[in-house]
Amino acid sequence: MRVIRMTNYEAGTLLTCSHEGCGCRVRIEVPCHCAGAGDAYRCTCGDELAPVK
């Protein structure tokens, strides 16, 4: 089964770094609608940011 990750998040979405031990968090206030907006948001460490569950 192929899983497609949704990287376009709505305003208010809280994201956290996927890197073990990082834990930084970012809240999306205004989603990006630019070319390449389907790419994952990333932490400065380089790992993807994922929605907080």
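From the backbone N, Cα and C atoms, a Cβ is placed for every residue, glycine too.
Secondary structure at Cys22 (Cu(+) 1 binding site), taken from DSSP and collapsed to helix, strand or coil, is coil. Packing around Cys22 (Cu(+) 1 binding site) is summarised by its Cβ count: 14 other Cβ atoms lie within 10 angstroms of its Cβ, all protein chains included. What Swiss-Prot lists as Cu(+) 1 binding site is Cys17, Cys22, Cys34.
For Cys45 (Cu(+) 2 binding site), the same-chain residues lying six or more positions away in sequence with a CB closer than 8 A to its CB are Cys17, His19, Cys22. Residues or ranges marked as Cu(+) 2 binding site by Swiss-Prot: Cys17, His19, Cys45.
Annotation source Swiss-Prot lists Cu(+) 3 binding site at Cys24, Cys32, Cys43, Cys45. Listed in sequence order, Thr16, Cys17, Cys43 are the same-chain residues six or more apart from Cys24 (Cu(+) 3 binding site) with CB atoms under 8 A from its CB.
The Cu(+) 4 binding site annotation in Swiss-Prot covers Cys24, Cys32, His33 and rests on a curator's inference. Counting every protein chain shown, the Cβ of Cys32 (Cu(+) 3 binding site) has 14 other Cβ atoms within 10 Å.
Taking the binding-site residues His19, His33 in turn and counting surrounding C-beta atoms within 10 angstroms, the largest count is reached at His19.
Cβ neighbour count for Cys17 (Cu(+) 1 binding site): 21 (other Cβ atoms within 10 Å of its Cβ, all protein chains included).
Cβ crowding, taken as the number of other Cβ atoms within 10 Å, peaks at Cys43 among the binding-site residues Cys34, Cys43.
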